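According to Swiss-Prot, the protein carries these features:
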- 1-21: signal peptide (SIGNAL)
- Cys38-Cys98: disulfide bond (DISULFID)
- Cys54-Cys144: disulfide bond (DISULFID)
- Tyr55, Gly57, Gly59, Asp76: Ca(2+) binding site (BINDING)
- Cys56-Cys72: disulfide bond (DISULFID)
- Cys71-Cys125: disulfide bond (DISULFID)
- His75: active site (ACT_SITE)
- Cys78-Cys118: disulfide bond (DISULFID)
- Cys87-Cys111: disulfide bond (DISULFID)
- Cys105-Cys116: disulfide bond (DISULFID)
- Asp119: active site (ACT_SITE)
Amino acid sequence: MYPAHLLLLLAVCVSLLGASAIPPLPLNLAQFALVIKCADKGKRPRWHYMDYGCYCGPGGSGTPVDELDRCCKTHDECYAQAEKKGCYPKLTMYSYYCGGDGPYCNSKTECQRFVCDCDVRAADCFARYPYNNKNYNINTSKRCE
């Protein structure tokens, strides 16, 4: 085997080992990102919602910093309601389509439909309100008490 081929094979193996250490997003959260993209017509990168205000991202506490953050709080509460119904919202995959007016749910089971409705309402809410860069990556221990 040629040395160049060995180097290429080594590079592929090393990159695969590195990638295996990155935890995957729960399936539904990856799907939620696509629903958001449908609702806002791709205006904002999905990562903008992963660390915004007091509620957009993992956890959440305090008073939402603005209407966009309130969308995330409402979404968290909707997921909590889904869990009370026995659903697993961060793992539940559902069926939806992206129409000219935004995303629409067409799931059959109760859990799929409930989780899809949570995501579509949040995505539509995100699309309605402005994004304030000052509320990205804030100090939550100070601003979200």
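Quick reminder: no glycine exception, Cβ is built from N, Cα and C everywhere.
Neighbours of Cys54 (disulfide bond) among the recorded positions Cys38, Cys71, Cys72, Asp76, Cys78, Asp119, defined as a Cα within 10 Å of its Cα, are Cys72. Cβ packing within 10 Å was compared across the disulfide-bonded residues Cys98, Cys111, Cys144, and the lowest neighbour count falls to Cys98. Tyr55 (Ca(2+) binding site) sits 5 Å from Cys72 (disulfide bond), counting Cα to Cα. On a Cα basis, Cys116 (disulfide bond) lies 11 Å away from His75 (active site). In three-state terms derived from DSSP, Cys56 (disulfide bond) belongs to an extended strand segment. When Cα-Cα distances from Asp76 (Ca(2+) binding site) are compared across the disulfide-bonded residues Cys105, Cys111, Cys125, the shortest belongs to Cys125. Highlighted in sequence order, Cys54, Cys56, Pro58, Gly60, Ser61, Cys72, Lys73 have their Cβ within 8 Å of the centre of the Cβ atoms of Tyr55, Gly57, Gly59, Asp76, the residues recorded for Ca(2+), and are not part of that set. Measuring Cα to Cα from Asp119 (active site), the recorded positions that fall within 10 Å are Cys78, out of Gly59, Cys78, Cys144. Within the set of disulfide-bonded residues (Cys71, Cys105), the lowest number of other Cβ atoms found within 10 Å of a Cβ is recorded at Cys105. Measuring Cα to Cα from Cys71 (disulfide bond), none of the recorded positions Cys38, Gly59, Cys98, Cys111, Cys144 fall within 10 Å.
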